[in-house]
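Student: Sharing a structure below in structure tokens format, with a few things to ask.
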Amino acid sequence: MLALHRDGTPAALALLLAPLLHALVASARAAHGGSFSGHVLVQMHEGPEDEAHRVAAEHGFDSARKVSFGENLYHFYPRDGAQARRRRSAQRRKRLEKDHRVKNVFRQEGFRRTKRGYRDINEIDANMNDPLFTKQWYLINTGQADGTPGLDLNVAEAWELGFTGKGVTIAIMDDGGHSCSSYDFSSNDPYPYPRYTDDWFNSHGTRCAGEVSAAANNNICGVGVAYKSKVAGIRMLDQPFMTDIIEASSISHMPQVIDIYSASWGPTDDGKTVDGPRELTLQAMADGVNKGRGGKGSIFVWASGDGGSYDDCNCDGYASSMWTISINSAINDGRTALYDESCSSTLASTFSNGRKRNPEAGVATTDLYGNCTLRHSGTSAAAPEAAGVFALALEANPALTWRDMQHLAVLTSKRNQLHDEVHQWRRNGVGLEFNHLFGYGVLDAGGMVKMAKEWKTVPERFHCVAGTVQETHHIESGDRLRLAIRTDACEGKENFVRYLEHVQAVITVNASRRGDLTINMTSPMGTKSILLSRRPRDDDAKVGFDKWPFMTTHTWGEDPRGSWLLEVGFQGEASQKGVLKEWTLMLHGTQSAPYIDQVVRDYQSKLAMSKKEELEDELDEAVERSLKTLLSKN
């Protein structure tokens, strides 16, 4: 296991999270054994950077690049075609290991990462001198393409308040773009231009970038959500395989310059994959939220997935990470898109298409070859819209931390007219309304910037391992397994958690058919989270889930003290059997009330609801003061 320093990460946090990170890595590797990519991570002994370049050249590598994390670590890139010659690559690696200038060599396995929302479709013609702003219903919905008027991101209010994303930099981690803060980790050069192909496959990053930062009033295509923000293109998807070091390098690129990282990709959305970030990428994500933006934390925005009802985004270790903001999508009349995945880790939603045949119901944005398109779709289109909204909030208040942004998303997102045909809207134990597919609702740019302007940083975050069940329990069709963990949430200890943010159920379970497994968890305040729904295409009978961290945001703000109930069973026609070997409950949140210093402007708002006890106390005190005043006058 590679040992890397995490300067600035609290020691207690590192000790607490290390077993979970390693378990997630092991589970991902077990689920999908990769192929050797030809890329290697090399740890050099102390010496000048030129020495690493000489070593790389001497051993037949194309180039070496010092990575931004760890000590004396370099990414050695293979020469063109080298990854295909496995035997020669292995020999080269063995010679490298014997070089006295080299301390350690770590091979990089190749694995699959897919763009979300790409469809092989015929593009419509767009007049380059004809702005598409009136087609951008997700910005201002007046009923275009048979949409529901008013169902949009409410960017008009944010723009009217003077917020356009100025001073904020957003990285589009994809297949290419243009910017001075950009980099090409696929080819190891600072020119992340997309590779032009006849099938438009590499238009993905260009389209996502246009949604965020397309300039206003230039008679070209449409307008970006944060049209005065800066965009950095990070090219890392356009290659046969992904590697851990390329992902980690992309996520950790210029973290003191880049504020927001937008990712519209992830493990294959085939309904049978369980996968997530490897060790270096987990390290980079942890470093990002702890050290990025001068310690305020990098903001990672992730598309929740395009597997539809056949998949569950809690099986995606990127979208279900507590360090990312997972974004789903709705279409222009408030219904779900056909590709939308549901899960308890989704925080909020924006807009895309995926149901209507009307060509104007898609997302209008920039495209390759200087063109425009109306056909961008998938949660790929949803994540950049969210990144744009967050950029507006950061302009309103640059002091916002990565956790502040998540709190703002919870408090200002709205149900509006979103309609889920399967899952009902419910209220959690503190009255916050959520949906298993849309999270806490659609982002409201106007509401978010207004609250961001007056926002006070939330209190320190703590982590509590609330309990573990390690006995073996058998599961059979028709008989749900029910297990309980009663916890005081580490009360009386320095890591006591009173107000919840994220909750993780780290579970090891095997089944005769993994896809028929369903897992629910109910909090002490009565909120039920669907941690895993049925995935009918998943036939796995060997790997199962090995210490997999299922995450929920649905208990946000609740008091975690009491009994947590886990229910595991099977759904499907065939009879199945399984074994649950372990369940660990992990609580993440604050000791003090997170909104105690926030100003309530609307007493019907989620913020007011979350501060109900405080407001009632204030009202009681005010009434008591008034009575005393009246009595003194008499």
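Here the Cβ of each residue, glycine as well, is placed from N, Cα and C on the backbone.
Just lifted these from TrEMBL, have a look:
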type	residues	note
SIGNAL	1-30	signal peptide
ACT_SITE	Asp174	active site, charge relay system
ACT_SITE	His204	active site, charge relay system
ACT_SITE	Ser380	active site, charge relay system
DOMAIN	457-593	domain 'P/Homo B'
Student: Across the domain 'P/Homo B' (457-593), what does the mean pLDDT come to, as a whole number?
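Tutor: In the predicted model, the domain 'P/Homo B' (457-593) has a mean pLDDT of 98.
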Student: Let me check the 10 A CB neighbour count of Ser380 (active site, charge relay system). How many other CB atoms are there?
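Tutor: Its Cβ shell of radius 10 Å holds 29 other Cβ atoms.
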Student: Using DSSP reduced to three states, classify Ser380 (active site, charge relay system) as helix, strand or coil.
Tutor: helix
Student: Where DSSP helix means H, G or I and strand means E or B, what are the helix, strand and coil counts for the domain 'P/Homo B' (457-593)?
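Tutor: The breakdown for the domain 'P/Homo B' (457-593) reads 3 helix, 76 strand, 58 coil.
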